[in-house]
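Annotated features in TrEMBL:
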type     : residues  : note
DOMAIN   : 105-180   : domain 'Cation-transporting P-type ATPase N-terminal'
TRANSMEM : 163-182   : transmembrane segment
TRANSMEM : 188-208   : transmembrane segment
TRANSMEM : 345-367   : transmembrane segment
TRANSMEM : 387-416   : transmembrane segment
TRANSMEM : 808-828   : transmembrane segment
TRANSMEM : 884-902   : transmembrane segment
TRANSMEM : 948-969   : transmembrane segment
TRANSMEM : 981-1002  : transmembrane segment
REGION   : 1012-1031 : region 'Disordered'
Amino acid sequence: MDEYLKDFDVPGKHPSEAALKRWRDAVSLVRNRRRRFRHVADLEKRSVNQKRLCKIKEDLRVTFLAMRAAVRFMNAHQPRDVNVSEFSKNPDKLASIVRNYDIKTFQALNGAEGIAKAINVSIKEGIKSSDLSTRQEIYGINKYTEKPSKSFLMFIWDALHDLTLIILIVCAVVSIGVGLATEGWPDGIYDGLGILLSILLVVTVTAVSDYKQSLQFKDLDKEKKKISTHVTRDECRKKVSIYDLVVGDIVHLSIGDQVPADGIFISGYNLLIDESSLTGESDYVHIDEKKPFLLAGTKVQDGSAKMLVTAVGMKTEWGKLMETLSEEGEDETPLQVKLNGVATIIGKIGLLFAILTFLVLTVRFLVEKAMRNEFSSWSSSDALSMLDYFATAVTIIVVAVPEGLPLAVTLSLAFAMKKLMNDKALVRHLSACETMGSSTCICTDKTGTLTTNRMVVDKIWVSGEIKHVRDCEGRVLSSKVSETVSTVLLQGIFECTGSEVVKDKNGKTSILGTPTESAILQYGLDTGGDFDTVRNESKIIKMEPFNSAKKKMSVIVALPDGKTRAFCKGASEIVLGLCDKIIDGTGEIVPLYKEKTELITRVIEEFAKDALRTLCLAYMDVEGGFDCRKNIPESGYTLIAVVGIKDPLRPGVKEAVETCLAAGITVRMVTGDNINTAKAIAKECGILTEGGLAIEGPDFRTKTTEELNEIAPRIQVMARSSPTDKYDLVKHLRGTSEVVAVTGDGTNDAPALHESDIGFAMGIAGTEVAKEQADVIVMDDDFATIVKVAKWGRAVYINIQKFVQFQLTVNIVALMINFVSACITGSAPLTAVQLLWVNLIMDTLGALALATEPPNDGLMQRPPVKRTDSFITKTMWRNILGQSIYQMAVLFVLTFSGKTILNLQGENSTTVLNTFIFNTFVFCQVFNEINSRDIDKINIFRGMFSSWIFMGVMTATVVFQVIIVEFLGTFASTVPLDWKLWLLSIVIGLVSMPIAVVLKCIPVEKTAVKEQHDDKEQHDGYDRLDGSEQV
């Protein structure tokens, strides 16, 4: 089958348009295109949207360039007079200031302060929460217009677009018309009405399933759009949803943030904005007091700032842009595409059997009519017989074309994504969950992912001594240093930071910022420092915020005594390399000789071996003032202190790593920390093992491709790495056929997240830029959550295999029993109504039962399934053929010798036999559905009774089968059966279970593939039955 599926092969991420078109063209047999391709990208609509988006961006780019040019020209002119009251209650006029780059009006209103006054807000205190509703009424809400979601009736309408159902509806109507003319009311309507009622049931169940699925996706979309930002409200800084922003809010922006609304720059440092999402322009725009306009939807590439919101929602260009774009669908997953191929192949076979069945029935009918010399005379009953043959053939197509196969993938993924959301993993792209099941490698960050991200300063080297900060019970120890050292240390801590110390209305102090900076600030507060006092006494002249490329941050401040001082904080070896002096124990500045440098290096290594994250603080006095147009100095600093920060391992990380290794997944730590710190943490959590390699980023960069090919499989830790190193490692590993998952939180991690097979962004520590490039957002930043995604990914793959095994068995048996019976007896034992019910069992209900099974621990005790492996494995074919042979043998015996075996006599013996065959066939499927819960293991009952969906489907199937046989015989062509026949039907179905046990003991050829981790064998993705513990 793999040869036939070559056109149905697409990569899990960034598939080419040619590959997407190729498999669409190969799908030649579809019953209902509206439903089949509901979750498939509309390439035509996507192309139209992209052209429209490019045109809008180009128009905006030209407009903004023209406006900026006009601004430079108008800077030479005097600002015009404006009336402040014009803007206070006029949202359109207020929004036009930023949208039109109206610098003259901005200057006339006295800048940000004047605009804040015009809209009645204090830049220092922010708006009052009590004014939110009023401001929303006047200026609007920060949401853009979205298309309404589809109603349940629309899903009914989609389900009715099934071509075969439409043909059956026509057949049913004709049957009712002919029946009324020949048999009268009500006998003449039963056959046609039975088909219509069956179609109604199929359509209703299908629509309910699809509608519930759409609600799950809707919930997921809501989660995806949850973005928070920091604002100043009610005189304090707080975190709010961007959708709750109003005009007048004071928003705090930092690296990686998305600008949530149009606004005015108030203050900030080195603010670079990426406007490519809005204008397509790749060059970054520097924003300051002279160029103060910030546009919604753009990204903060570097720096930090405070912004005054002047327009929200549909008053912004971003809101208008979002409104013009319509959903064109998400790229389909590899499994969806592959199952479309399987459905196409099986559908063609089914169509052939349907045509042959109709031809055989028709030819036999005509031959028998000719033999009775009745060929020239035709009655309405003859027409009804021909119509019945046609309806049976069409219904065979309904059963034979497994429309539910690709849709079962969507159902399973939607179910998995919903469950993962409860487990703190937000899957942004369907394919990610599926691909994670095949992952062979996870490149993970250390801080916050493997560790708790609840950092505290544990040790500090200052004044030439190592000082413990806390005792064994966590209490702060007094640290005796000279007043000079203490003063400059606290200045370095409180000035060189991008975080803030804030107090709420109750006077409770809290720190807003990154965990690392929060730990250092908390140390400063614990030693008696006062953040507000230090900050109020000085003025920040220029700041260069921390980023992962520089691995440091710097700031220039004007001190109260008139001095200008630079502070620097960052990675130990980076900052130490900038220093040529040091403060000794007396507070004197002395040269930093080589011996002293070596001593400090040993201190850093000692801290790192204790699994402490190390940072250095340094300062320098700038003589003769500082020119803001110049960069902050990069040398001549005086070392203040080396700080050792403790960040404990997360609970359960060691077990999660062990689970990955047992599952054949290599875990690699990629961190910016010191190599000794990284190795200590990696050993503690089980990542760094005997024979594993720990390497530093600068060393990694020097390796040739041949050297990388040799060492890459052994790399378990990469320390002092840059985002570029992470990207290069991911790219190299993917080139060696690894399926790579990678975590990231910073703006510079975006390329690695984009390049990987599955990108994980951190929900707490991650920037919006990183989240936008990620496939999955880990809401709790926990490594164990990533392992849960891998487990669910494997569950999705296995669940779809279970469903395919079940459905193919039903297909084979239903096709063969009707075709062979038609050839030999001239009639099909299963009627159109019965086949529609069977189709419902094997399609929608089967998908619900088997495709939504939760994962079990056994899934993580086998190697990952490779991309090149056959989806329908030899193990599955063994089960399919074995069960099919048993069912066909039983049903053929019943069809041709059933009356004799069951001792059936009388006028209705044929109807009783056909009812019994139908009933037996259904119970064979019920028990085979239970068999399909595990493809290779004998114990199929594990977890069955705790799966309420599976038990619900099984119960509903049996109950409705009883109703059809006992009470709906008029419509379904059945008659009530006595208890003996009921019992026999159940027993025949039950026999399939011991047959399944026998089949699972038959060995099938397996391809052994040695894994690099522990030499486990891969054999079609399933474990061997080696011992009783696997049974």
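Heads up, the Cβ atoms here are built off N, Cα and C, so glycines get one too.
Values in this document were obtained by computation on a predicted structure and should not be read as measured data.
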Long-range environment of the transmembrane segment (188-208) - Cβ separation under 8 angstroms, sequence gap at least 6: 35, 152, 155-156, 158-160, 165, 168-169, 171-176, 178-182, 384, 388, 391, 832-833, 836-837, 839-840, 844-845, 968, 970-973
Cβ pairs under 8 Å between the transmembrane segment (387-416) and the transmembrane segment (981-1002), at least three: no
Number of helical, extended and coil residues in the domain 'Cation-transporting P-type ATPase N-terminal' (105-180), per DSSP: 49 helix, 3 strand, 24 coil
Contact ranking winner - 163-182, 808-828, 884-902 against the transmembrane segment (345-367), Cβ under 8 Å: 808-828
Surrounding residues of the transmembrane segment (884-902) on its own chain - C-beta under 8 Å, 6+ positions past either end: 809, 812-813, 816-817, 820-821, 824-825, 829, 909-910, 913, 916-917, 920-921, 924, 928, 981, 988, 991-992, 995
